[in-house]
């Protein structure tokens, strides 16, 4: 192991300071009176030294330092030129062992913060030390009122190490004193550098099958480790733990492996993976049994980086060839799927040859005018944008073009005449004066260029002695892996180009630019508030937090209930037994659901025959259960913790009043103790232990019921602020890379700060900046960013308004009520981390200025709910709760209805609800015949409801991830096929919901006119059965959520435009009810606003109550069924037999179509109670590849 000194921040004294000019050696001037390396805050020479300053004519200056030997550098400090207006305000830092191959030090966004004047010293500590001999500082920005000037100091300590050089055929064998060793703990550390992406660094194995292999593969480090698993020794399916990326950059990389038993930490540079080893063993048993040189050779593989996708190019002259034709050979690496690699003008004119990357494949094209056209030549190999080095060789001799790529066999195209280059060869791009191509320029790295077998010196190009170039960076391959670390959350898959990355959220249950936002509601009450009916739902109890969604049953009638069914069946005990219970959610999810609910309970049933619970001489229980933390609990249902009694004691009806439980009477007849556990801090039950069953004739049957939780205590958790200087404070917001903040507010004041959190320079703030404007502002080091949403109506109207602000490394967004979302894209290569240090202030600021007056409720940050009421109890100027009729959990208005406060009561605003009535709970139904239809015209952009900030680009490639629809309706029909609903634009895009010929439901998305539609079939059974069916469709980007009254596994379909046309021709005969599209209710508008220009009615349209009638019938059947089941259950308990609950499977997540997008099939199973099978709802989700959402100014909605 290497040992570092306790202190490594000494001033490093370089042997010489070099200023290597780009073109001539006379462009730089030294103005210092003392050596630069003596710059120090504490030393006198600092204030009287001059500094370095390049000539004004130098357009790309840099300063290089030789430390004389390899050092460990921990910090750098800069200062402006003495007594001047010259300083550097930001710069890049590069390092190298050879002064030929350079690597940029990544300081978050790559930039180092410099000076703001000429005298103050600014020190930047390196987050991870570098071992290097040479440093190069590249100024980026300087004083606009002066010029570029600099004094520099480096800090660190000396670094000594033994090195060994390997040539790919050599190896080094180390022999320990023992022939074999068996270790429980291992620590292995080493450093390596290589210009190759493949190679074994370390390997050892033992006779029993143990092995350890550390291997460089595709520029990443793979670790294979097995402890005693024999079948893995000869298996070709070994799984590696992979860390790092782009490790073939000729720079030193540190590897540290720590193992204790089966726990392993693998660290490469600053990236660590934690994992458990394969095999049954806990120790590693290893047997120990070309040329190696103990100095490190320095390969001179000099690279250059093409920086711009529009203007970068390298022009080189073609060397003369004695055999005619020409040949070109070079290596490249990139992340971009498209880019021009080589362009050559040819003789005889007019011909040109292009080599480019197109859709990740290498393509060679010969353009020839007036001659037979040669076909494009594309390699079978793909994935040339994988960030690895690829070699390509092109030869035009012998009347053919030969192309060889990497180690693949070469391929040829026959020619009719010899081709000769005319003029220069252009690499990576081409100046517009010489050629104009539609192909984007190459962004990436190039090295080892040979023209006609002659090496091209990039050093001469840099000095202006050879060829020409634009937007190139020499001596370094400035490639970076933007997917390391992976900034996509919740298992999102990261992909990248040279300048950005994107996240594929399909199959994760999350959406957004970084897969931050859950596509599920957080509770059953949240589903109820948007009008959902009873059924099985996926809820995400911590929203954007780390916990995933869990499937629960929501009973929306009466109190909202969450039921987690148990997998084990009742167990008959004949000896001492214990049983562990598994739930349909993880322990963490269960804990989040329980803690977020107002109350929870769980039924326990114990049927006994000579099997006691607590009747012992010493008072120790014979039967007990474990809570969610594994703590032993001996109280039974109906009593508080610590009391060993049963519910019959509380009700004074035990069969023997000398005992506190029926089973403690210890009779030969069957008895029963049943009760409810309601102390939610102990729920759910994780395990039960049955003890008194080992006597002759002793028997017991137990049953632990499902976990039931009621309410959502965060939805109406509120605080009232009645002093401007008052505020609530919470711990610092954890929001470095991503954060979302949501809450409701109501106020009568024109402005006020909702919340604020500050750091040294960074901050985040959400405020009401004027009566109709909500503003979200923050600064992560790129300067203040501001997002504002303006409402056409005042927001200080004493009514509840919803605000949601989100910021991640890709973008920021702000939503207010149903107003269009406002987006702001993050600057490219800007600062990423929001560094906060103060407390989070709610309802005010640290300066106690512009405090908020009014109410705030349901404050949620990153999925965690804040208890405003509890904190308000101890804060002056703030009270718990919020006065008013619309501030409670009684749900006065239903189905998206909005509660409006009045001086003497309240009214429900049902304008954005598909329901009517005084509380928005009356269904609006219409009967149609074959000639009837309703058309509603929208005066808004289609599909994507957003308005972008002026700082952001107009339309981004991620626009599809923001597209959303929310559609809900009910229908009754016996006709098939049938058109239920369509949304279309004048440019032929549409969404259609139909019943197919067999009566199955089909949802069609046709948002790309050049491709076939995406078709989703969530239900294959016949829905044209004359019964009421409820449909809810919710799409966010590629995630499609469909809720239907019953269903089978959804399946993808091919192009079936004919079926849509047939359904449209047949129209619809039946009843439609409660139709909702986003915040508009078209069917309701047709009945209440018949004179509106937005509504067009064709044929007879008759208002009906079919939805209400069908609903009442459904409830009657459900009530009868539940009552019958309840009676049956009571009889079962009395008889001493606990009946098993019968479940049927519910499937979700299926492939939607053959189009566009390779999507994982995911199938989830859940349990549905048979007694609720007539009223159950099934959730389906899938992902659609819906790029470039339509933004027409008009759209129509057909019913």
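Numbers run from 1 along the shown chain.
Backbone N, Cα and C atoms are what each Cβ position is placed from, and that goes for glycine too.
Going by TrEMBL, these are the annotated features:
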DOMAIN    49-157  domain 'F5/8 type C'
DOMAIN    163-304  domain 'Laminin G'
DOMAIN    303-477  domain 'Laminin G'
DOMAIN    479-516  domain 'EGF-like'
DOMAIN    515-557  domain 'Fibrinogen C-terminal'
DOMAIN    717-882  domain 'Laminin G'
DISULFID  855-882  disulfide bond
DOMAIN    883-921  domain 'EGF-like'
DOMAIN    941-1106  domain 'Laminin G'
TRANSMEM  1131-1157  transmembrane segment
Of 49-157, 303-477, 479-516, whichever stretch has the most CB pairs under 8 A to the domain 'Laminin G' (717-882): 479-516
Local Cβ density at residue 882 (disulfide bond) - other Cβ atoms counted within 10 Å: 24
Residues of the parent chain within Cβ reach of the domain 'EGF-like' (883-921), under 8 Å, 6 or more residues beyond its termini: 525, 528-531, 711, 715-716, 718, 720, 746, 798-800, 818, 855, 857, 968-969, 1074-1076, 1079-1081, 1083-1084
C-beta crowding around residue 855 (disulfide bond), within 10 angstroms: 24
Secondary structure content, the domain 'EGF-like' (883-921) (per DSSP, counts of residues): 3 helix, 12 strand, 24 coil
Secondary structure content, the domain 'F5/8 type C' (49-157) (per DSSP, counts of residues): 0 helix, 63 strand, 46 coil
PLDDT averaged over every residue in the domain 'EGF-like' (479-516): 91
Counts of helix, strand and coil residues, the domain 'Fibrinogen C-terminal' (515-557), according to DSSP: 6 helix, 13 strand, 24 coil
